[in-house]
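Visitor: Got a structure here, written out as structure tokens. Questions coming.
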Amino acid sequence: MEGPASPARAPGALPYYVAFSQLLGLIVVAMTGAWLGMYRGGIAWESALQFNVHPLCMIIGLVFLQGDALLVYRVFRNEAKRTTKVLHGLLHVFAFVIALVGLVAVFEHHRKKGYADLYSLHSWCGILVFALFFAQWLVGFSFFLFPGASFSLRSRYRPQHVFFGAAIFLLSVATALLGLKEALLFELGTKYSMFEPEGVLANVLGLLLATFATVILYILTRADWKRPLQAEEQALSMDFKTLTEGDSPSSQ
């Protein structure tokens, strides 16, 4: 009798790309904190610094944690599918909660200062991204974690789930870049063109954000780095294929 199949080995370069993405993500979070601390006075909830909670939370939630959530199926290649699903979903929950705190912070700050809401391109994109993120999580939970969805429905929806997950992540990064530029223009005005230290730091932060997104997207699009099907997943896939071809799965 044959022994159990040995777990598939991760492609050689994958761990290095994942490690590089995490290094970039941590640097982005640290640089965001440094920018807010050095040039915007830091963060606080009950003061004029409440606005600064917004960019930090959005970078942590909708950029760093969302990117990590997308990598779960690449990093945990041989763990049980249920475990990876739960981790994938939980990371999105953490990202959503942190982003929600950031969203509340900016609306509270605007209310206290009497500023207008939702007039800029950044704010429109932000609301769109937040709504899409929440909808994606709800639909994903219904199909992949809630026990009522059939295997056939999951199989049909999976490509859309993967595509919109990556698209929402890229939109999140683009929205963060818009917000970064908007914050610089409001604060620095014409001094932005004079290579002010804050502007240079924020520009480097923007480049690192774009690089982080590029590395995440590259990892996701490498077909040979996809999570291999486990034995039980292969059996379900074969049974579904047999059913769709008009036969019944073998009962032997």
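Any Cβ shown, glycine's included, is placed from N, Cα and C.
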Visitor: Is Phe186 placed by Swiss-Prot on the same side of the membrane that Asn52 is on?
Guide: yes
Visitor: Check for me, if you would, whether the transmembrane segment (160-180) reaches the transmembrane segment (18-38) - at least 3 Cβ pairs under 8 Å, residues 6 or more apart in sequence.
Guide: no
Visitor: Relative to the Cα of Glu182 (heme b 1 binding site), which of the binding-site residues Lys85, His88, Lys226 has the closest Cα?
Guide: His88
Visitor: Here are some binding-site residues: Asp117, Glu182. Which one has the most Cβ atoms within 10 Å of its Cβ?
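Guide: When each Cβ's neighbours within 10 Å are tallied, Glu182 leads.
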Visitor: Which residues of the same chain, at least 6 past either end of the topological domain 'Vesicular' (39-52), have a Cβ under 8 Å from a Cβ in it?
Guide: 105-106, 108-109, 112, 187, 197-198, 201
